Amino acid sequence: MKYIGAHVSAAGGLANAAIRAAEIDATAFALFTKNQRQWRAAPLTTQTIDEFKAACEKYHYTSAQILPHDSYLINLGHPVAEALEKSRDAFIDEMQRCEQLGLSLLNFHPGSHLMQISEEDCLARIAESINIALDKTEGVTAVIENTAGQGSNLGFKFEHLAAIIAGVEDKSRVGVCIDTCHAFAAGYDLRTPAECEKTFAEFERIVGFKYLRGMHLNDAKSTFGSRVDRHHSLGEGNIGHDAFRWIMQDARFDGIPLILETINPDIWAEEIAWLKAQQTEKAVA
(Lines of atoms letter the chains of each structure in order from A and count residues from 1; the text may use other names and numbers.)
(Lines give C-alpha, C1' and ligand atoms only; values in the text may rest on other atoms or scores of the structure.)
Protein backbone atom coordinates (compact mmCIF):
# COMPACT_ATOMS: atom_id res chain seq x y z
CA MET A 1 0.00 0.00 0.00
CA LYS A 2 1.23 3.46 -0.93
CA TYR A 3 1.24 6.26 1.68
CA ILE A 4 0.92 9.53 -0.24
CA GLY A 5 0.92 13.06 1.15
CA ALA A 6 2.69 16.40 1.42
CA HIS A 7 4.83 18.46 3.77
CA VAL A 8 2.06 20.37 5.53
CA SER A 9 2.20 23.34 7.87
CA ALA A 10 2.06 22.83 11.62
CA ALA A 11 1.25 26.50 12.22
CA GLY A 12 -1.03 26.99 15.19
CA GLY A 13 -0.12 23.64 16.74
CA LEU A 14 1.34 20.31 15.68
CA ALA A 15 -2.10 18.68 15.64
CA ASN A 16 -2.99 20.99 12.75
CA ALA A 17 -0.53 19.14 10.52
CA ALA A 18 -2.63 15.97 10.74
CA ILE A 19 -5.81 17.98 10.16
CA ARG A 20 -4.35 19.71 7.08
CA ALA A 21 -3.14 16.38 5.71
CA ALA A 22 -6.62 14.90 6.08
CA GLU A 23 -8.13 17.92 4.28
CA ILE A 24 -6.16 17.07 1.12
CA ASP A 25 -6.98 13.34 1.38
CA ALA A 26 -3.37 12.49 2.18
CA THR A 27 -2.47 9.06 3.51
CA ALA A 28 0.92 10.37 4.70
CA PHE A 29 2.39 13.70 5.74
CA ALA A 30 5.59 15.48 6.68
CA LEU A 31 6.00 18.31 9.17
CA PHE A 32 8.50 20.29 11.20
CA THR A 33 8.08 19.66 14.92
CA LYS A 34 9.59 23.11 15.61
CA ASN A 35 10.48 26.26 13.66
CA GLN A 36 12.92 24.98 11.05
CA ARG A 37 14.83 28.27 10.88
CA GLN A 38 15.57 28.60 14.59
CA TRP A 39 18.02 26.69 16.77
CA ARG A 40 15.98 26.61 19.92
CA ALA A 41 12.36 25.73 20.61
CA ALA A 42 10.31 25.51 23.77
CA PRO A 43 9.97 21.93 25.01
CA LEU A 44 6.83 20.11 23.90
CA THR A 45 4.03 20.36 26.42
CA THR A 46 1.94 17.38 27.47
CA GLN A 47 -1.05 19.12 25.88
CA THR A 48 0.73 19.53 22.53
CA ILE A 49 1.82 15.88 22.55
CA ASP A 50 -1.65 14.62 23.49
CA GLU A 51 -3.41 16.79 20.90
CA PHE A 52 -1.02 15.66 18.15
CA LYS A 53 -1.45 11.99 19.01
CA ALA A 54 -5.24 12.40 19.18
CA ALA A 55 -5.37 14.10 15.76
CA CYS A 56 -3.22 11.36 14.22
CA GLU A 57 -5.48 8.72 15.70
CA LYS A 58 -8.64 10.51 14.55
CA TYR A 59 -7.41 10.75 10.95
CA HIS A 60 -5.75 7.29 10.98
CA TYR A 61 -2.11 8.31 10.63
CA THR A 62 0.38 5.87 12.13
CA SER A 63 4.06 6.66 12.66
CA ALA A 64 4.83 4.69 9.47
CA GLN A 65 2.92 7.37 7.51
CA ILE A 66 4.60 10.43 9.03
CA LEU A 67 8.02 11.77 7.99
CA PRO A 68 9.12 14.67 10.24
CA HIS A 69 11.92 16.90 8.94
CA ASP A 70 14.58 18.53 11.08
CA SER A 71 15.82 22.15 11.09
CA TYR A 72 17.59 23.48 8.01
CA LEU A 73 20.27 24.99 10.28
CA ILE A 74 21.71 21.66 11.39
CA ASN A 75 24.99 20.52 9.77
CA LEU A 76 26.02 17.14 11.17
CA GLY A 77 29.29 17.21 9.22
CA HIS A 78 30.40 20.71 10.24
CA PRO A 79 34.18 21.20 10.05
CA VAL A 80 34.34 23.44 13.15
CA ALA A 81 34.11 21.65 16.52
CA GLU A 82 31.95 24.24 18.29
CA ALA A 83 29.46 24.49 15.41
CA LEU A 84 29.39 20.71 15.07
CA GLU A 85 28.52 20.38 18.75
CA LYS A 86 25.69 22.90 18.34
CA SER A 87 24.28 20.94 15.40
CA ARG A 88 24.57 17.64 17.25
CA ASP A 89 22.74 19.03 20.28
CA ALA A 90 19.97 20.39 18.04
CA PHE A 91 19.68 17.05 16.21
CA ILE A 92 19.39 15.14 19.49
CA ASP A 93 16.61 17.55 20.49
CA GLU A 94 14.82 16.89 17.18
CA MET A 95 15.10 13.12 17.72
CA GLN A 96 13.82 13.45 21.28
CA ARG A 97 10.84 15.50 20.09
CA CYS A 98 9.95 12.72 17.64
CA GLU A 99 10.29 10.19 20.45
CA GLN A 100 7.90 12.22 22.64
CA LEU A 101 5.38 12.50 19.80
CA GLY A 102 5.43 8.77 19.10
CA LEU A 103 7.08 9.29 15.71
CA SER A 104 9.49 6.68 14.36
CA LEU A 105 11.32 8.59 11.59
CA LEU A 106 13.35 11.81 11.35
CA ASN A 107 14.34 13.04 7.90
CA PHE A 108 17.41 15.29 7.62
CA HIS A 109 19.93 16.66 5.14
CA PRO A 110 23.30 15.02 5.82
CA GLY A 111 25.67 17.99 6.01
CA SER A 112 28.26 20.18 4.32
CA HIS A 113 32.07 20.27 4.43
CA LEU A 114 32.07 24.05 3.72
CA MET A 115 35.27 23.57 1.66
CA GLN A 116 37.23 23.16 4.91
CA ILE A 117 37.54 19.37 5.29
CA SER A 118 37.53 16.41 2.91
CA GLU A 119 34.36 14.65 1.80
CA GLU A 120 35.51 11.53 3.65
CA ASP A 121 36.06 13.41 6.91
CA CYS A 122 32.68 15.12 6.58
CA LEU A 123 30.86 11.83 5.92
CA ALA A 124 32.57 10.27 8.95
CA ARG A 125 31.44 13.21 11.11
CA ILE A 126 27.86 12.79 9.89
CA ALA A 127 27.90 9.09 10.78
CA GLU A 128 29.33 9.84 14.22
CA SER A 129 26.68 12.54 14.74
CA ILE A 130 23.99 9.95 13.99
CA ASN A 131 25.61 7.46 16.39
CA ILE A 132 25.58 10.04 19.20
CA ALA A 133 21.89 10.85 18.59
CA LEU A 134 20.86 7.19 18.39
CA ASP A 135 22.63 6.50 21.69
CA LYS A 136 20.55 9.20 23.39
CA THR A 137 17.16 8.20 21.95
CA GLU A 138 15.03 5.14 21.37
CA GLY A 139 12.65 4.07 18.64
CA VAL A 140 13.42 6.82 16.10
CA THR A 141 15.20 6.06 12.82
CA ALA A 142 17.57 8.65 11.34
CA VAL A 143 16.53 9.08 7.69
CA ILE A 144 19.24 10.61 5.51
CA GLU A 145 17.98 12.62 2.53
CA ASN A 146 19.88 12.70 -0.73
CA THR A 147 20.73 16.23 -1.86
CA ALA A 148 21.09 18.05 -5.17
CA GLY A 149 24.72 18.81 -4.29
CA GLN A 150 24.43 22.58 -4.17
CA GLY A 151 27.50 24.30 -2.76
CA SER A 152 29.41 21.96 -0.45
CA ASN A 153 26.41 19.81 0.52
CA LEU A 154 27.13 16.09 0.59
CA GLY A 155 24.60 13.34 -0.03
CA PHE A 156 24.22 13.92 -3.77
CA LYS A 157 25.82 10.58 -4.64
CA PHE A 158 24.38 7.24 -3.55
CA GLU A 159 27.94 6.42 -2.46
CA HIS A 160 27.74 9.24 0.12
CA LEU A 161 24.60 7.72 1.63
CA ALA A 162 26.22 4.28 1.69
CA ALA A 163 29.35 5.67 3.39
CA ILE A 164 27.28 7.31 6.13
CA ILE A 165 25.27 4.12 6.71
CA ALA A 166 28.52 2.13 6.88
CA GLY A 167 29.65 4.34 9.76
CA VAL A 168 26.40 3.99 11.73
CA GLU A 169 26.62 1.34 14.44
CA ASP A 170 22.91 0.50 14.73
CA LYS A 171 21.91 -0.27 11.13
CA SER A 172 18.31 -0.94 12.23
CA ARG A 173 17.85 2.77 13.01
CA VAL A 174 19.29 4.39 9.91
CA GLY A 175 17.61 4.80 6.54
CA VAL A 176 17.37 7.09 3.53
CA CYS A 177 14.80 9.31 1.85
CA ILE A 178 15.20 9.81 -1.89
CA ASP A 179 14.07 13.18 -3.25
CA THR A 180 13.38 12.84 -6.97
CA CYS A 181 14.24 16.48 -7.74
CA HIS A 182 17.53 16.24 -5.84
CA ALA A 183 18.44 12.95 -7.54
CA PHE A 184 17.69 14.37 -11.00
CA ALA A 185 19.67 17.55 -10.31
CA ALA A 186 22.56 15.41 -9.05
CA GLY A 187 22.72 13.45 -12.31
CA TYR A 188 20.42 10.46 -11.76
CA ASP A 189 18.05 10.39 -14.72
CA LEU A 190 14.35 9.70 -14.09
CA ARG A 191 12.74 10.98 -17.29
CA THR A 192 11.69 7.58 -18.66
CA PRO A 193 10.71 4.26 -17.09
CA ALA A 194 13.96 2.78 -18.44
CA GLU A 195 16.01 5.52 -16.76
CA CYS A 196 14.05 5.01 -13.51
CA GLU A 197 14.87 1.29 -13.63
CA LYS A 198 18.54 2.10 -14.20
CA THR A 199 18.74 4.71 -11.43
CA PHE A 200 17.01 2.56 -8.83
CA ALA A 201 19.04 -0.52 -9.83
CA GLU A 202 22.08 1.61 -9.00
CA PHE A 203 20.44 2.64 -5.73
CA GLU A 204 19.80 -1.02 -4.85
CA ARG A 205 23.40 -1.95 -5.67
CA ILE A 206 25.03 0.90 -3.71
CA VAL A 207 22.61 1.58 -0.83
CA GLY A 208 19.84 -1.03 -0.92
CA PHE A 209 16.05 -0.77 -0.86
CA LYS A 210 16.09 -2.20 2.66
CA TYR A 211 17.23 1.26 3.80
CA LEU A 212 14.55 3.21 1.88
CA ARG A 213 12.30 4.77 4.53
CA GLY A 214 10.66 7.60 2.57
CA MET A 215 10.51 9.54 -0.68
CA HIS A 216 10.07 13.18 -1.61
CA LEU A 217 8.12 13.30 -4.87
CA ASN A 218 9.10 16.53 -6.59
CA ASP A 219 9.45 17.51 -10.22
CA ALA A 220 12.43 19.71 -11.04
CA LYS A 221 12.69 23.27 -12.31
CA SER A 222 16.42 22.65 -12.32
CA THR A 223 18.01 20.89 -15.28
CA PHE A 224 19.51 17.39 -15.30
CA GLY A 225 22.86 17.21 -13.52
CA SER A 226 22.80 20.93 -12.69
CA ARG A 227 23.38 20.42 -8.93
CA VAL A 228 20.66 23.05 -8.38
CA ASP A 229 17.76 22.36 -5.99
CA ARG A 230 14.57 23.83 -7.48
CA HIS A 231 11.31 21.92 -7.07
CA HIS A 232 8.34 22.03 -9.45
CA SER A 233 4.78 20.67 -9.57
CA LEU A 234 4.41 17.10 -10.85
CA GLY A 235 4.61 16.95 -14.64
CA GLU A 236 5.43 20.65 -14.91
CA GLY A 237 9.20 20.32 -14.65
CA ASN A 238 12.10 18.61 -16.36
CA ILE A 239 11.40 15.13 -14.95
CA GLY A 240 7.82 14.80 -16.24
CA HIS A 241 4.94 12.54 -15.25
CA ASP A 242 6.42 9.15 -16.18
CA ALA A 243 8.75 8.85 -13.17
CA PHE A 244 5.95 9.41 -10.69
CA ARG A 245 3.63 6.97 -12.47
CA TRP A 246 6.46 4.42 -12.45
CA ILE A 247 7.05 4.87 -8.70
CA MET A 248 3.34 4.46 -7.98
CA GLN A 249 3.30 1.13 -9.85
CA ASP A 250 6.41 -0.34 -8.19
CA ALA A 251 5.84 -2.31 -4.98
CA ARG A 252 9.30 -1.42 -3.68
CA PHE A 253 7.87 1.98 -2.75
CA ASP A 254 4.99 0.53 -0.69
CA GLY A 255 4.63 1.15 3.02
CA ILE A 256 6.75 4.32 3.26
CA PRO A 257 5.75 8.02 3.26
CA LEU A 258 5.75 9.44 -0.29
CA ILE A 259 5.80 13.17 0.33
CA LEU A 260 5.14 16.08 -2.02
CA GLU A 261 7.24 19.21 -1.55
CA THR A 262 6.01 20.63 -4.83
CA ILE A 263 5.73 24.37 -5.17
CA ASN A 264 1.97 24.95 -5.23
CA PRO A 265 0.16 23.78 -2.07
CA ASP A 266 -3.15 24.77 -3.69
CA ILE A 267 -2.96 21.74 -6.00
CA TRP A 268 -1.58 19.20 -3.53
CA ALA A 269 -5.01 17.55 -3.26
CA GLU A 270 -5.07 17.18 -7.08
CA GLU A 271 -1.51 15.85 -7.17
CA ILE A 272 -2.27 13.33 -4.43
CA ALA A 273 -5.42 12.19 -6.26
CA TRP A 274 -3.42 11.85 -9.50
CA LEU A 275 -0.71 9.80 -7.77
CA LYS A 276 -3.32 7.51 -6.21
CA ALA A 277 -4.94 7.00 -9.62
CA GLN A 278 -1.65 5.93 -11.23
CA GLN A 279 -1.55 2.80 -9.09
CA THR A 280 -4.33 1.26 -11.16
CA GLU A 281 -3.39 2.75 -14.53
CA LYS A 282 -2.04 0.48 -17.24
CA ALA A 283 1.58 -0.36 -16.39
CA VAL A 284 4.18 1.84 -18.03
CA ALA A 285 5.57 0.18 -21.14
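Every residue, even glycine, has its Cβ placed from backbone N, Cα and C.
Computed from a predicted structure; not experimentally measured.
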Additional site residue, H160, H182 [criterion: listed by Swiss-Prot with D229, H231 for Zn(2+) 3]: H182
Additional site residue, E23, E128, E138, E145 [criterion: listed by Swiss-Prot with H69, H109 for Zn(2+) 1]: E145
Site co-member for Zn(2+) 2 according to Swiss-Prot, given E145, H216, E261, out of D121, D170, D179, D189: D179
For H216 (Zn(2+) 2 binding site), the number of other Cβ atoms found within 10 Å of its own Cβ: 26
Nearest-integer angstrom distance between the alpha carbons (Cα) of D179 (Zn(2+) 2 binding site) and H109 (Zn(2+) 1 binding site): 11
Residues flanking the Zn(2+) 3 site, with Cβ no more than 8 Å from the Cβ centroid of H182, D229, H231 and excluding those residues themselves: T147, A148, D179, C181, A185, H216, N218, A220, S222, V228, R230, E261
Neighbour tally for D229 (Zn(2+) 3 binding site), based on other Cβ positions within 10 Å of its Cβ: 21
In sequence order, the binding-site residues (H69, H109, E145, E261) whose C-alpha falls within 10 A of H182 (Zn(2+) 3 binding site): E145
